[in-house]
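Asks: Grabbed the feature section from Swiss-Prot, which reads as follows:
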- 518-538: compositional bias 'Polar residues' (COMPBIAS)
- N55: N-linked glycosylation site (CARBOHYD)
- N71: N-linked glycosylation site (CARBOHYD)
- S3: phosphoserine (MOD_RES)
- 495-538: region 'Disordered' (REGION)
- 1-34: topological domain 'Cytoplasmic' (TOPO_DOM)
- 55-88: topological domain 'Extracellular' (TOPO_DOM)
- 110-120: topological domain 'Cytoplasmic' (TOPO_DOM)
- 144-148: topological domain 'Extracellular' (TOPO_DOM)
- 171-181: topological domain 'Cytoplasmic' (TOPO_DOM)
- 201-211: topological domain 'Extracellular' (TOPO_DOM)
- 234-297: topological domain 'Cytoplasmic' (TOPO_DOM)
- 320-333: topological domain 'Extracellular' (TOPO_DOM)
- 357-362: topological domain 'Cytoplasmic' (TOPO_DOM)
- 386-390: topological domain 'Extracellular' (TOPO_DOM)
- 419-429: topological domain 'Cytoplasmic' (TOPO_DOM)
- 454-458: topological domain 'Extracellular' (TOPO_DOM)
- 481-538: topological domain 'Cytoplasmic' (TOPO_DOM)
- 35-54: transmembrane segment (TRANSMEM)
- 89-109: transmembrane segment (TRANSMEM)
- 121-143: transmembrane segment (TRANSMEM)
- 149-170: transmembrane segment (TRANSMEM)
- 182-200: transmembrane segment (TRANSMEM)
- 212-233: transmembrane segment (TRANSMEM)
- 298-319: transmembrane segment (TRANSMEM)
- 334-356: transmembrane segment (TRANSMEM)
- 363-385: transmembrane segment (TRANSMEM)
- 391-418: transmembrane segment (TRANSMEM)
- 430-453: transmembrane segment (TRANSMEM)
- 459-480: transmembrane segment (TRANSMEM)
Amino acid sequence: MDSRELALASLMCDTGGPGELSVGHQQRRTKKWSFSLVVAALVGAFGSSFLYGYNLSVVNAPTPYIKAFYNGTWYRRHGQPIDPDTLTLLWSVTVSIFAIGGLVGTLMVKMIGKFLGRKSTLLVNNGFAISAALLMACSLRAGTFEMLIVGRFIMGVDGGIALSALPMYLNEISPKEIRGSLGQVTAIFICIGVFSGQLLGLPELLGRESTWPYLFGVIIVPALVQLASLPFLPESPRYLLFEKHDEAGAMKAFQTFLGKADVSQELEEALAESRVQRNLRLVSVLELLRAPFVRWQVITVIITMASYQLCGLNAIWFYTNSIFGKAGIPQDKIPYITLSTGGIETLAAIFSGLVIERLGRRPLLIGGFGLMALFFGTLTATLTLQDQAPWVPYLSIVCILAIIASFCSGPGGIPFILTGEFFQQSERPAAFMIAGTVNWLSNFAVGLLFPFIQKSLDSYCFLVFATICIAGATYFYFVLPETKNRTHAEISQAFAKRNKAQPPEVKADSAMTEEKANSQTEPDSSSTLDSYGQNKIV
């Protein structure tokens, strides 16, 4: 009896017969979500991407109080009020330095991740969050606004590390059948973080002049929760196998995350990839940019991350309060209505996580950007005609909520998933460095340039973002392959024709397949290494 017959016999024993195969398949699908896998995703995201989202929105509510703090500190030091231009500059630095810190954190990920691993990188990263929380929370009592600015920078470093290390960790611990859904947890917790920042910023909670420092101090809570919980979970099994060559540790990690004792199939798949890459060192950013086997994967990641930041979602927040005001909503009620935007974000992200393994990455990404372009165009029209009829401002509100929902249902989380899926183990840290650099530089560019675009074009600025969304959707339609339920080798093959170069692991994969069929000895991977060497990858 060959291996396929044994597998079929085992399946029939588990399900009771051929007629119950589909039932057994469904049972195995539900077993993919083990308790340890769920805890790792929730705890990892709560102490990482949640904090990123929280720090995006937390500065909005206390803005007037922080500016008053800056002015008061300046007066005590210099004996005169701060110049308005200087105050604007200080506030711009306070907001935008978060992105600079994120870029620094992204550049640190490869070095830290190589020596510490994915899980330990997340644990060490909590040190940045705790120190930032203490600095920002104590800035008012110390009478030093520089502490708030430095804290924002350190919090940016935390975000840069988190948005690279967390997707890598989730990608490497999840079965490919639920890789997209688990990866979407990153985006869901970003949205929950944004909503939490809006909620805690209400005057009834922490959004008052005497309590605004505590808005920044609560950052310490998710960091402490992650520090207390994550050590009890294993390291990424792929990291243990590829970097530490710890097969026993990798097997235990697979058993923990998959919730079953027999992980021979998963371990063999990882070992097969490990044999191909066993003599390959970690690829540098420059080497990855030069590699012909991944040229279009790199281009796609760059365009995906640039579209993620430049699609105009951040610009929506600049118009929200004015649009709500023109719709007749009292000024003191606008913060409560703004909570609806955070709620829509969270619900749309959860929806995406539920359907991503059914619909795939391509439809959600293309459809999300396409709908954003449509609603940006409609929003431009309603803002231009808002004085023509009393109901037009309400249509603007609908457009804003629709843009947010369209973004979070696809473009808001899929870029992080694709970055992990496109690249093999030795390339993944460099790929996340490239993706993170584009992400944070684009974030900084939007914060720096949007006020000038808004001043020049007014409401027509949304046509710029509509154009970017259309360009992104068009690119993904023609270039992006579906990655749902595909292995790395299959995804590489999907790009091979466009790259005009076969991925180096294909020869070894083919050889190993032939070996299993003919019971031959394991092929040497020297041909693979030669192929990498000829193309200057190693």
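Cβ from N, Cα, C; glycine included.
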Asks: Mind pulling out the one from 89-109, 121-143, 212-233, 391-418 with the most Cβ pairs under 8 angstroms to the transmembrane segment (298-319)?
Replies: 391-418
Asks: Out of N55, N71, which of these glycosylation sites shows the lowest number of other CB atoms within 10 Å of its CB?
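Replies: Per-residue Cβ counts within 10 Å for the glycosylation sites N55, N71 bottom out at N71.
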Asks: Should anything in the same chain at least six residues away from the topological domain 'Extracellular' (55-88) have a Cβ under 8 Å from its Cβ atoms, list it; otherwise answer none.
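Replies: Answer is 94-95, 98, 139-140, 143-145, 148, 152, 155-156, 159, 190, 193-195, 197-198, 200-202, 207-209, 212, 215-216, 219, 317, 335, 342.
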Asks: Taking the Cα atoms as reference points, how far is N71 (N-linked glycosylation site) from N55 (N-linked glycosylation site) in Å?
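Replies: Between the Cα atoms of N71 (N-linked glycosylation site) and N55 (N-linked glycosylation site), the distance comes to 23 Å.
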Asks: Between the stretches 35-54, 121-143, 212-233, 363-385, 459-480, which one has more Cβ pairs under 8 Å with the transmembrane segment (149-170) than any other?
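Replies: Looking only at 35-54, 121-143, 212-233, 363-385, 459-480, the most contacts with the transmembrane segment (149-170) come from 121-143.
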Asks: Is the count of Cβ pairs under 8 Å between the transmembrane segment (121-143) and the transmembrane segment (363-385), pairs 6 or more apart in sequence, 3 or more?
Replies: no
Asks: Any contact between the transmembrane segment (459-480) and the transmembrane segment (212-233), i.e. 3 or more CB pairs below 8 Å with pairs at least 6 residues apart?
Replies: no
Asks: Six or more residues beyond either end and a Cβ under 8 Å away: which residues meet both conditions relative to the topological domain 'Cytoplasmic' (110-120)?
Replies: 161, 164-165, 168-169, 172, 230, 233-236, 239-240, 243-244, 282, 285, 429-430, 432-433
Asks: In the topological domain 'Extracellular' (386-390), how many residues does DSSP call helix, how many strand, and how many coil?
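Replies: Reading the DSSP string over the topological domain 'Extracellular' (386-390) gives 0 helix, 0 strand, 5 coil.
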Asks: State, in range form, which of 35-54, 363-385, 391-418 has the highest count of Cβ pairs under 8 Å to the transmembrane segment (212-233).
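Replies: Selected stretch: 35-54, with the most Cβ pairs under 8 Å.
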Asks: Kindly report the helix/strand/coil residue split of the topological domain 'Cytoplasmic' (234-297) according to DSSP, in that order.
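Replies: Its residues fall into 44 helix, 0 strand, 20 coil.
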Asks: State the non-local partners of the topological domain 'Extracellular' (201-211) in its own chain: residues 6+ outside its ends, Cβ under 8 Å from one of its Cβ atoms.
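Replies: For the topological domain 'Extracellular' (201-211), the sequence-distant neighbours (Cβ-Cβ under 8 Å, at least 6 residues beyond its ends) are 57-58, 60-62, 65, 68, 218, 335-336, 339.
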